[in-house]
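Notes follow the structure.
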Amino acid sequence: QMNANDCHDPPKYWTIHGLWPDRAEDCNRTWHFNVTEIKDLMSDMRHYWPDVLHSSLNRTQFWKHEWDKHGTCAATVEVLNSQKKYFGKALELYQHIDLNGCLLKAGIKPSSSYYKMTAIKEALTRFYGVTPKIQCLPPEEGEKAQTIGQIEICFTKQLQLVNCKALEGESNPVQAHLELGTSELSVCNDTLPTYYPSEVQ
């Protein structure tokens, strides 16, 4: 998909997938995405929240999807109750979390050798004081290592860091909103060697 959609140099840093409320009931599905409301955020959005799956003509499609599916539900929280606030706050949380810096400080960087999943988890927990949820692509046929794919950080409604808990019925693999190739992301296996690639091949 990347080749077809002119994504010749995917970012070499962690980017934003979304800001998702859990168990949201009041979603205003009639509140349509309007890109002009976030025009001030555009350069940060393109940098930290890029859409690598759509061609440059439709580079706002990912943001529209995130707003329609999650932003319209998050808007029940006052600090997120407009498109500008929702996307702006997500960018702010991203900067505050600084996942890229945190992993580097812990000596965890893209490498051709494997990491222990427990070591990655411990480093993040030590840094943030809370447990994140790490998702991986399972080993491909004949491979022994899983590939780290997504890191979820959880917050309270007041946007304070909190431990990520598995939601009911989530011991089975969760299907990620974006499928990378044909594999699906699921909660990482603590015992498998873990590959942290500089690029997903």
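Yeah, the Cβs are placed from backbone N, Cα and C, and that goes for glycine too.
Marked as active site by TrEMBL: H17 (among others).
Annotation source TrEMBL lists active site at E66 (among others).
What TrEMBL lists as active site is H70 (among others). A 10 Å cutoff on Cβ-Cβ distances gives H70 (active site) a total of 20 other Cβ atoms nearby, all chains included.
When the alpha carbons of E66 (active site) and H17 (active site) are compared, the span between them is 8 angstrom. Taking the Cβ of E66 (active site) as centre and 10 Å as the limit, one finds 24 other Cβ atoms among all the protein chains shown.
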